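Okay, structure first, notes after.
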Amino acid sequence: MTTLTARPEAITFDPQQSALIVVDMQNAYATPGGYLDLAGFDVSTTRPVIANIQTAVTAARAAGMLIIWFQNGWDEQYVEAGGPGSPNFHKSNALKTMRKQPQLQGKLLAKGSWDYQLVDELVPQPGDIVLPKPRYSGFFNTPLDSILRSRGIRHLVFTGIATNVCVESTLRDGFFLEYFGVVLEDATHQAGPEFAQKAALFNIETFFGWVSDVETFCDALSPTSFAHIA
């Protein structure tokens, strides 16, 4: 068992019965020219987040944790995105951006596109699981719950973008399904102003889970390994 220093209190878990969740580290969310950038969100400070996720993934894999990568998006015709009868049609900033800029139609969050791809620095390895998801929550219309329960996994460590949207949505849904969720705050990035990051982390540590950081996580898994990994 491993005890991780976190807010509001430490949490103990078995790494081999836990998963590291990497949420939507796609060009869409972390790279200039991707969806978030084109929709007017600031992605200029995502590079340190990518590096921190690399470090967390390396440590988690060495400790025997399952690594799950999410990719948010839809088919090329956007059927999976939902039509006017879906709130997603009206609230998705990707869909709204494409309606405002028709030349982008088929380029944002479409499976097979550059936008949909994971950033070059983050490459899933054999044994990892890569899951597409059609909405903010990684539990909605995906096999995530079944995958975790079949492996006896109850503790989830979250990284990725955006803290206040898909990361928080997935962690909240996990809370309702009796999963223990931890966010590594320096391995996440918000969509919107800095206060959105702070508010999401406040919500998580106060109501839904725990908040820690990459160095503390790596030290908890192997106290002597962090310097080597970094």
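A Cβ is built for glycine as well, from the same backbone N, Cα and C atoms used for every other residue.
Here the Cβ of ASP24 (active site, proton acceptor) has 26 other Cβ atoms within 10 Å, regardless of which shown protein chain they belong to. Per Swiss-Prot, active site, proton acceptor is recorded for ASP24, and the stated evidence type is sequence analysis.
Look at Swiss-Prot and you will find LYS133 tagged as active site. Every protein chain shown contributes to the tally, and the Cβ of LYS133 (active site) ends up with 23 other Cβ atoms within 10 Å.
According to Swiss-Prot, the active site, nucleophile annotation covers CYS166. Under a cutoff of 8 A between CB atoms, and with a sequence separation of 6+ in the same chain, the neighbours of CYS166 (active site, nucleophile) are VAL23, ASP24, PHE70, ASN72, LYS133, TYR136, SER137, GLY138, GLY160.
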Three-state secondary structure of ASP24 (active site, proton acceptor) from DSSP?
coil
Per DSSP, three-state class assigned to LYS133 (active site):
strand
